[in-house]
Structure formats: structure tokens, C-alpha cells
Amino acid sequence: MYILDTGARFSAVRFSPVFNPPPTSLRRRYFIVRANLPFPKHQAKYHKELEVAIDAVDRACRLCVDVKRSLFSSKEKIVEKNDQTPVTIADFGVQALVSLELSKLFPSIPLVAEEDSHFVRANNLVSSVVSEVKSKASIGDNHLSDADVLEAIDRGGKDAYTFCNKPATYWVLDPIDGTRGFLKGDEALYVVGLALVVDNEIVLGVMGCPNWPGDSSDGSTGTLMLSHIGCGTWTKKLQNVSGNVAGDWIRCFVDACVLMNKARFCIQESQTWESLPLSGFFDASTVSEDLKHKEILLLPTCCGSLCKYLMVASGRASVFLLRAKTQRTIKSWDHAVGIICVHEAGGKVTDWEGDEINLEEDQSERRLIFPAGGVVVSNGSLHNQILEMISSASPTL
């Protein structure tokens, strides 16, 4: 294992400065959370599942905030997994916490998630993870044992469930998408993402982004985004420093941009604009004030994929382009919740050939997706233009 430098620099989306709450612990203040929905329950077939998902993601975001503070104050270990991606006790704590919350009301629905308990055990992180989970779990869970928490983590692991090539209902969780952003600091984004899939259709999703720019006047920072099939996409502030849920749900939509040179683009931080097919048509600039005729605006948005989906679904960005690399796999949890949030906000998500993302291609595990060429996430209005440009540029790629 390697210890990562928590001071490593990564590019971040340029928002107004985020309010930094005082170091007052948010522990135990989660109890007042109420998963009220912004639409009538009878309109949402999966409203019970959605209410639980909202509450679980909100609790998970509180765990992230506390762990992040303790990481930098106590210099706890940050280890690397075999693929050289960083992982912290927050990743495992979130997975355990969400798994426990979901299993209380929906024990028969399997969970597909990123982590398993191997790294917790191997790096002596068990007691730290258990402590964080106990502090955020539902009332009555303060007697959780180490075995309970480790089992909850492994419930989402690779070997927990086999789908036998049949349509299924299951949760998809990314405990922290953008761990590098979690480690970087206040400007970088990271997301807790949870979706429910029923017979290969994503029917609901909840994303929590603790670093999303908030309102300094009330001490709030972060956002929750929910989507339910047929009910739209909605956002709400996370709890503020006093533990109150700030504000009401607000429905959000993709932007209305119809001109490619006026669009705002996001790309994966590990990829360059020059590696993407649209670079043959437009140059890219990160400076909005002086764009030339053949330039598009590129928004430096770190870290992970889900924050880019959040940008498009909320109308802050027009397009997110991801190129599939032959040497790397694309994980379902990096996209599932983002797909429904963008769809319900009026946008569109396909592979580079215009086909919808198929979550069942990995028939036995549902952990991988195989989008042809890559993923296009757009406001819908620009989608066909982008696909045409990709198609015309493909012989030269």
C-alpha cells in the first residue's frame, strides 16, 4: 500500500467560494432529517425506496464531512487500492452505512457497490469505520458489532450476489465518486451516488455532493439531488451547520443551449480535449470572457464522473463527454444515478453510437458497462449534433 499526499493538487470546477463551516461536530444531529418528497407519493411508484435512499445518502454525506475533517486533523492513513485509486475510511463507512439503512426495509434487494471489506481488514481500519458508521446510523444501531459493519460492506461486494443472466431489481451505489476530490479540499467535488434498477431500467436516483457551493448567509453548503422516473429531478441543500435541512426542494432542468459554440463542456480530468473527437471541430478554452469563433468553453470539473452528471442535470453544464479507454473498464456505479438525474431533468445519455447505456451487459454481476466508444451526456438539444460529429470524426480517431 502507498500513502498518498493529501496536499496533491487537482483542477476544480470554478464556482464562487464555498462557505467553510466552523469545526463544530455534526455528529448525532442527523436525527432531524426527514425524507419528504417534492411530489405526491401516489405519483411515484417507488416512493418508499426513494425516501429511504434520500435519508441514507444524506447520512452518508454527514459521515463524509466528519471523516474529511478528521483526516486532515489527525493525518490518518489514506491507502491506494490495486488500481492506484485512493480510498479512505469514508468510502467504506458510506458503503456500510447505506447498506445497513437499505437492508432494514428492503433486505431482499441486492446491492452492487464499489468496495469490499478486504482493505478495511488489511489496513487495520475496522474500528475507525465502525465508529463512523455508529455515529450516523439510525437510532438503535449504536450496538453494531465489527462483524455487522464488515458484513454490510461485503453485501455490496463482487462476490455477494450472482444475477444469473435474468432481469433483476437491485441498488447501485458509489460510496464516494471522486475520492481525489474528497482528499483535495473545499473547491473539488465528490459525490455519494445511489440508484435503484428494476428490470434494466433506472427508476430512481439520489446524489449527495457535500462540497457543492452553498449560501454563506445561512451556513449551508452541499446539495442533494433526487430523481424518480416520471417525476423529474429536484435539488435541495444539505443540512447546515446547525443541523437543519435548509430550504425546499427545487425542480431543476438541463440548460436550453442549442448552439454548439455556446455550450459548456465537461470532460474527465484524466482525459484531454485533444483526445476527443470534437477537438477536430472546436478548440477548447477554460476562459469564458474571450472565446473565439471556433472555441467552446471547457469547465474544469473535478473529480469523478457523477459531479459532471450533476453539472448537466442542474443546467450548469451542457455536455459531458467521456471516452472509453481500451485498457480500463467502466463501472456501473460511476454512471447509473447520473443517468436518471439527467434524463428526468430533460437531458439525454447514450454511448457514442447513440444507443442507451445497457446495465445488463455484465449479466452475472451488473458491475460493468460497455458503452461503444464512450458516453455522451447532454441537454438533449445538442445530442444529435454531437453524435454526428463523433461519427464523422471516427475514421481519424
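Keep in mind that glycine also has a Cβ here, set from the backbone N, Cα and C atoms.
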AMP binding in Swiss-Prot involves Ser305, Lys308; of Asp334, Asp351, Asp355, the partner in that site is Asp334
From candidates Glu101, Glu114, Glu115, Glu132, Swiss-Prot puts in the same Mg(2+) 1 site as Asp174, Ile176 the residue Glu114
Nearest by Cα to Asp174 (Mg(2+) 1 binding site), of the recorded positions Asp91, Lys308, Asp334, is Asp334
Note: in the chain of Asp177 (Mg(2+) 2 binding site), residues six or more apart in sequence with C-beta under 8 angstroms of its C-beta are Tyr190, Val191, Val192, Gly193, Gly304, Ser305, Leu306, Cys307, Trp333, Asp334
What remains of the recorded positions Asp91, Thr179, Lys308 once a 10 Å Cα-Cα cut-off to Glu114 (Mg(2+) 1 binding site) is applied is Asp91
When each of the recorded positions Asp91, Glu114, Asp174, Asp334 is scored by other CB atoms within 10 A, the minimum falls on Asp334
Excluding Asp174, Asp177, Asp334 themselves, the Mg(2+) 2 site's Cβ centre has within 8 Å the residues Glu114, Ile176, Gly178, Val191, Gly193, Gly304, Ser305, Leu306, Lys331, Trp333, His335, Val337
Three-class DSSP assignment, Glu114 (Mg(2+) 1 binding site), comes back as coil
Whole-number Å distance separating the Cα atoms of Lys308 (adenosine 3',5'-bisphosphate binding site) and Asp91 (active site, proton acceptor) is 20
